[in-house]
Amino acid sequence: MNPNCARCGKIVYPTEKVNCLDKFWHKACFHCETCKMTLNMKNYKGYEKKPYCNAHYPKQSFTMVADTPENLRLKQQSELQSQVRYKEEFEKNKGKGFSVVADTPELQRIKKTQDQISNIKYHEEFEKSRMGPSGGEGMEPERRDSQDGSSYRRPLEQQQPHHIPTSAPVYQQPQQQPVAQSYGGYKEPAAPVSIQRSAPGGGGKRYRAVYDYSAADEDEVSFQDGDTIVNVQQIDDGWMYGTVERTGDTGMLPANYVEAI
């Protein structure tokens, strides 16, 4: 159905229809409200949904206000109110972003403990990935003891090859006893080394440090890579209690920083 013209009220057919300002117009009826100049979609200006030309388009006028003392006082008061409101909003939202925490000794100790725990977990994951999931963790100390035993035995054979006759090697054992007293008469390299290392302990397990560790608390001990830990007692999965043989200090130590010997 064809709409009616917004100006003359007659039917507007598609050939002469102008759709503008949410209304339908005849091309001849789409003219300026003031001068009746015919307009098009390029040169019209709308005001209150009525078409105007550029010359008669209603312009908004501003009333000039004199700078009287009263107006100046009101202006200054408005600026002060705006500044006060800005400061009020600033102070209100000041603590919502983030708060600065004082760097107390207690917080420093907690931070250092967290760093130590993260370092322990990192080394634990590294050891698991290095030993593999096939149960190689239990065989690692024994393999190292075998290597150590073979390295101890090789210098003896190089230093005194002329003291070991081929006919009776057992009778030459008393001559080798002062040099390697803890070897005994066993020919397996792993067993004499374990006897040599466990003899001075006098009770408890013995462990060897595989990393350097600095004590993070008063009840912990510090040690270096290669130190021997004696009288070791298991506290839980992550911590042990023992004595550093080199320094004589006794306290807690991380379990994944040492290995059994």
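Cβ from N, Cα, C; glycine included.
Scan Swiss-Prot for phosphoserine across Ser78, Ser129, Ser134 and the hit is Ser134.
Looking up Ser82, Ser99, Ser198, Ser222 in Swiss-Prot shows the phosphoserine annotation sitting on Ser99. When the residues Lys10, Lys23, Lys27, Lys42 are compared with Swiss-Prot, the one annotated as N6-acetyllysine is Lys42. Lys75 is the residue among Lys45, Lys75, Lys205 that Swiss-Prot labels N6-methyllysine. DSSP places the residues of the repeat 'Nebulin 2' (97-131) in helix, strand and coil in these numbers: 27 helix, 0 strand, 8 coil. Secondary structure from DSSP puts Met1 (N-acetylmethionine) in coil. If you measure from the Cα atom of Thr104 (phosphothreonine) to that of Lys75 (N6-methyllysine), you get 50 Å. Residues of the same chain that lie 6 or more positions beyond the ends of the repeat 'Nebulin 1' (61-95) place no CB under 8 Å from a CB of it.
Under DSSP, residues within the domain 'SH3' (202-261) fall into helix, strand and coil as 3 helix, 29 strand, 28 coil.
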